[in-house]
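Shown next, in structure tokens, is the structure this report addresses.
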Amino acid sequence: MGIKDIDIKENFGKIVQNMDLKFRKIDDKELLIAIAIDKYKNVLMTAFMDKESLKMTLKTGLMHYFSTSRNKIWMKGEESKNVQKVLEVFKDCDGDALLFIVEQTGWACHEGYMSCFHNKVDLNTGNSTVIGDKLD
């Protein structure tokens, strides 16, 4: 059964209950951590999700997140067209984070890098160096 074959409207409550997720209160919002990696296990990005963005992700098969700075749900790629198609979902042992294996179109980082984790930190100085190339 594929992600788009799920009747989200009818089954969302049951799905979330069965997943035994623990949304944490952050800035008066019930959120959990969402980590996106590609099929090669490269970390692409991390963001927050609320229940509605999780529901939209499961319903559409495309990643939706909750922006704490903009206080709204956004679909990855809604402006850049660099969408993330959900392939698999894993939860962590505490149930307060989800790991999504995604098919990334284009780059994941809004700065034009494949990963948001492109700043390597020198543990002796705390200075960071950009690794990798910007993608056009």
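One-based numbering along the chain as shown.
Glycine is treated like the rest: Cβ placed from N, Cα and C.
If you look up Swiss-Prot, you'll see Asp92, Asp94, Asp96 marked as Mg(2+) binding site, on the strength of sequence analysis. The Cβ of Asp96 (Mg(2+) binding site) has Leu21, Lys22, Phe23, Arg24, Leu32, Ile33 as same-chain neighbours under 8 Å, each 6 or more residues away in sequence.
Residues or ranges marked as Zn(2+) binding site in Swiss-Prot (evidence: sequence analysis): Cys93, Cys109, Cys116. In the three-state DSSP scheme, Cys93 (Zn(2+) binding site) is classed as coil. Non-local contacts of Cys93 (Zn(2+) binding site) by the CB criterion (under 8 A, 6+ apart in sequence, same chain) are absent.
Distance from the CA of Asp92 (Mg(2+) binding site) to the CA of Cys109 (Zn(2+) binding site) is 23 Å. In this view, Cys109 (Zn(2+) binding site) is surrounded by 18 other Cβ atoms within 10 Å of its Cβ, with every protein chain counted. On the backbone, the CA of Cys116 (Zn(2+) binding site) and the CA of Asp92 (Mg(2+) binding site) stand 21 Å apart.
Apart from Asp92, Asp94, Asp96, the Mg(2+) site neighbourhood in this chain, defined by C-beta within 8 angstroms of the site C-beta centre, holds Lys22, Leu32, Ile33, Lys91, Cys93, Gly95, Ala97.
The most crowded of the binding-site residues listed here (Asp92, Asp94) is Asp92, judged by how many other CB atoms sit within 10 Å of its own CB.
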